[in-house]
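Asker: This structure is in structure tokens; I'll ask about it shortly.
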Amino acid sequence: HNIKFDETLMKFQQDWGPITAISFRTDGHPVMAAGSPIGHIALWDLEEKKLMCQMQDAHSTAIAGMSFVPGEPLLITNGADNAIRVWIFDGPGGTGRVLRSRTGHSAPPTKIRYHGQNGEQILSAGQDGTLQSFSTVHEKFNKSLGHGSINKKKSKKKGLKLDTMALPPITVFASEVAHQSDWDSIVACHQGYITCTTWNYQKTSMGAHKLRPEEFSKHKPIDIYATAVDITSCGNFAVIGLSTGRVDVYNVQSGIHRGHYGKERAHEGAIRGVAVDGLNQLIITAGSEGLIKFWKFKTKDLVYSTELSSSPNGILLHRDSGILGIAFDDFSISVLDIETRKIVRTFSGHHGRINDMTFSPDGRWLITSSMDCTVKTWDLPSGCLIDCFLVDSAAVSLTMSPTGDFLASTHVDDLGIYLWSNRSLYSLVSLRPLPADYEPSMVTRPSTCPVQDVDVAGDEEMCDEMIEYVSPEQLGEQLVTLSSLLESRWKNLLSLDVIKKKNKPREPPKVPKSAPFFIPTVPGLIPQYVAPEEENDTQSKVVNLGVLAQKSDFYIHLEEALSTNEYTAPLNLLKSLGPSNIEIELRGLAPEGGGSVEVMLSFLRMIGMMLTKKYNFQLAQAYLALFLKLHLKILSSQPNLLEEVSRLSVQLKETWIHLQTLFNQSLCVLTYMKSALL
């Protein structure tokens, strides 16, 4: 249509249904591109008024939008199949080829897991039947492993739309990076299908083997299907659980069946989860009848069986720490230690089916998602809920990065994978247990749709700020608390005279004499200088203050404490002094140093207060030792001082006997643990 003259120039008709998008090429070629609801693109020549060529199956669904880059032979298209493609028109015939593309799942993902230990790739299985790898670094490293197919050659001939060989969507998969360059490294279970498939991550394609029991090699049962899968840490074996309760082992490299657990089947009910430990010693299976069984991996003998409180929904093993997370049908979670084979933690708080679980890399946190739209973080050492947030759509699958920096999640009816950053890595986060009546706040997920501006200032005020913890001086009255002063401030108080003697110079420093302008000489034939006269300046520089000595702050505080009985101020003052100043202060307490017997008594009471309250314990010992060394003669001649010293001696003896008993008990236990054969 010519807008200027308001007249119709030409009309075109396409047989694929309504036109969904239109774009004009602007690099000198009179071409118009039109999109269709079935994914085809028609290119029309505007000069000759005819169809120039077709680009069939540009997208697997309707073309949602298209646009030619101004002045370039490039067409950008996107469709409802969650793909965006750039086409370049540089070949004969005017048709375009794919220059670059970015694709995601065309149906919501059902299972995601991190692949490898660098935390850069996430494997994702979707309801569209594809297995894809997404990079957390850059989108150019994304790759698709394709659709699952019974026969790849026949599927390629028929094409995607007419493919009757396509496998159902993947429900569960397991991957391992060991030997991934040698053979297949991913094993997957399909919905309602007994055969498990292998996938090759290096070749980004489906693997060569189909893993299923030998008796079902010729016919496929309808009501038997694979429910759980795990791959060993060495990448050699795959363990597959079936809905009949059977657990089989296969060699991943050759696809050969290597046996099964139990006489006929491992469990009476369907298998809800299988897990292999990090050393290929144990395999753990969970059945819907409520049993957890431990088997020897190599000999396939049953080692231990324990009954659970409810039917398990799924299990997850943290191989490094040997901790097994169990989700139940009654919405509770238990944590089992595979070494002791006992349940060590039980968590409850979800109000819907638990969809998925994941451990933090160090095994301290267990993160769970449920159909009640909450994602909860449980701290295993303390057994408490430390984080909980609410999303508008329930998280179907969770996985934590091996480096601990991201938590990835997929949600109901959502095509994307969401990354949540771990705030504890870059900021102070309070990990206090949440109260029982905690109401989680709704967290909005990022989206491409424009949303109304939300005032985030109020949310920032309500956020949980880190409260700085101030440690009390004494945690408990029965505890002996040491001071946090450096050792150099108190450890060498008794050795100060030795240190001063070592540091004393051998001879006093001499002041260099100033030379005269004219140096005198001795009269004679040979000129000689006059020898300098020796000065005998032996005057002492030490001033005897005597009665002029002033009272120090420490001395004044001790005098005041005699009446108030408060010794905190003199103690804090003494703690702020260096070793030499402490010795000077203690010397000044004696009568010959300008002090008095009452002040010496006050000092002993201060030491008694420190021993009674049991804090600054090593300072009390050091100060008292120096005091006794300096004033032993005066103490023996004053009965009131002797009485106070004897009282301190009893206190010291009681405290030390108590400490020595605790030390001996701990040493005895440690010696037993080292020597005993446990």
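Note that Cβ sites are derived from N, Cα and C of the backbone, with glycine treated the same way.
So TrEMBL lists the following for this protein:
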DOMAIN    1-90  domain 'WDR36/Utp21 N-terminal'
DOMAIN    473-674  domain 'WDR36/Utp21 C-terminal'
REPEAT    56-87  repeat 'WD'
REPEAT    264-305  repeat 'WD'
REPEAT    347-383  repeat 'WD'
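Are these features on the surface or tucked inside, and what are their neighbours?
Answerer: Note on the repeat 'WD' (56-87): residues 20-27, 29, 33, 35-41, 96-106, 159-161, 415 of its chain, located 6 or more positions outside it, place their CB under 8 angstroms from a CB of the stretch.
Across the residues of the repeat 'WD' (264-305), the predicted structure has a mean pLDDT of 92.
Proximity of distant same-chain residues to the repeat 'WD' (347-383), defined by a Cβ-Cβ separation under 8 Å and at least 6 residues beyond the stretch ends, is recorded for 313-314, 316, 318, 320-321, 323, 325, 327-329, 331-335, 389-404, 407, 409, 431, 433, 440.
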Asker: Determine how many residues of the repeat 'WD' (56-87) DSSP places in helix, in strand and in coil.
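Answerer: Breakdown, helix to coil: 0 helix, 17 strand, 15 coil.
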Asker: Give me the DSSP three-state residue breakdown of the domain 'WDR36/Utp21 N-terminal' (1-90), ordered helix, strand, coil.
Answerer: 0 helix, 39 strand, 51 coil
Asker: Helix, strand, coil: count each for the residues of the repeat 'WD' (264-305), based on DSSP.
Answerer: 0 helix, 22 strand, 20 coil
Asker: Please list, for the repeat 'WD' (347-383), how many residues fall into helix, strand and coil according to DSSP.
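Answerer: Counts, helix then strand then coil: 0 helix, 19 strand, 18 coil.
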